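Engineer: Quick paste from Swiss-Prot:
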TRANSMEM  3-23  transmembrane segment
TRANSMEM  69-89  transmembrane segment
TRANSMEM  100-120  transmembrane segment
TRANSMEM  135-155  transmembrane segment
TRANSMEM  171-191  transmembrane segment
TRANSMEM  213-233  transmembrane segment
TRANSMEM  253-273  transmembrane segment
TRANSMEM  294-314  transmembrane segment
Amino acid sequence: MLTTNILCLIIPILLAVAFLTLVERKILGYMQFRKGPNIVGPYGLLQPAADATKLFTKEPLHPLTSSKFMFTIAPTLALTLALTLWIPLPMPYPLIDLNLGILFILAVSSLAVYSILWSGWASNSKYALIGALRAVAQTISYEVTLAIILLSLVLTNGSFTLSTLTTTQEHMWLVLPTWPLTMMWFTSTLAETNRAPFDLSEGESELVSGFNVEYAAGPFALFFMAEYANIILMNSLTTALFFGAFHNPSLPELHTINFITKTLILTTMFLWIRASYPRFRYDQLMHLLWKNFLPLTLAMCMWHVSTSISFASIPPQT
């Protein structure tokens with residue numbers, strides 16, 4: 001039974017990842033006054049299948065000087081961690097209802113840094129190594145603000161369980177009382193997933209393709225899938241944290257439709273931002289976090305602690 005449940009979780013995620021690549025190419029195409037993929041299948045709908053067939057039938061190449069074991073294990077680890085992150089997410093029922101679901105997501109997303117670091121180091125290429133070091137520094141830095149924002153929300157929510165966030169937001173979305181945190185969270189998720197305008201690790205003009213420059217065929221596809229699975233996950237998490245979905249115990253289907261719609265809107269915003277903004281400079285990226293976001297999130301965290309105490313109001317308990 002558990003195997004069936006796991007497959008029912010993994011297969012839709014992989015399908016969503018496949019079609020997200022098509023949606024991205026379509027959106028970028030229309031924003032640049034062209035059609036995007038429209039040859040393979042009706043309206044280009046079979047393009048993801050064609051891409052997958054091409055990538056997984058090509059021969060995976062290993063550079064002669066690379067560390068074979070780590071070179072192979074890094075993309076596998078990246079996708080495994082990206083799929084593991086979905087376990088505690090309520091849609092409307094999680095695969096495993098963890099008491100510390102928020103901490104679980106934070107801990108597992110921190111481990112994703114290792115797959116990037118290993119891939120850059122094992123490739124034995126200076127471009128890949130510089131890209132990996134940039135990505136690791138960026139990911140670790142932005143996790144600091146993500147953790148503090150999550151702490152503020154936990155203080156508001158009164159529980160580390162993600163499913164109680166739905167109960168907390170039955171009358172009002174958390175985006176309304178915590179809108180500065182929402183804006184910083186959304187920007188930090190862009191940086192955390194290495195998306196434009198924070199795609200410093202994949203700067204084509206400087207590093208060719210960043211940490212995955214030596215990867216081809218299947219292993220490259222695994223990295224690609226992990227990146228897009230993380231994008232959808234981060235937007236699903238944003239929906240759960242700030243835009244609590246409509247919840248009616250007698251109609252759980254409406255919760256799912258609502259959840260998917262909000263996630264889709266946020267994901268489209270990710271793609272829209274990619275088409276609209278140029279890449280940040282590396283020092284600007286770090287300045288934004290350490291000089292702007294960190295003091296602000298700490299101040300907001302203290303604000304959330306003090307308001308609860310001063311008004312003698314306790315958050316909803318589980």
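Cβ atoms are placed via backbone N, Cα and C, with glycine included.
Can you tell me where each of these features sits in this structure?
Structural biologist: Non-local neighbours of the transmembrane segment (3-23) in the same chain are 37, 44-45, 47-49, 51-52, 83, 86-87, 95, 224-225, 228-229, 231-232, 267-268, 271; each lies 6+ residues outside the stretch with a CB under 8 Å from one of its CB atoms.
Packing against the transmembrane segment (253-273) from elsewhere in the chain are residues 20, 23-24, 27-28, 31, 91-92, 166, 186, 190, 193, 195-197, 231-232, 235-236, 238-240, 243, 245-247: each is 6 or more residues past its ends and has a CB under 8 Å from a CB in it.
Long-range contacts of the transmembrane segment (294-314) within its own chain (CB-CB distance under 8 A, at least 6 residues past either end) are made by residues 144-145, 148-149, 151-152, 155-156, 158, 178, 180-181, 184.
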Engineer: The transmembrane segment (69-89) and the transmembrane segment (213-233): do they have three or more Cβ pairs under 8 Å, with pairs 6 or more apart in sequence?
Structural biologist: yes
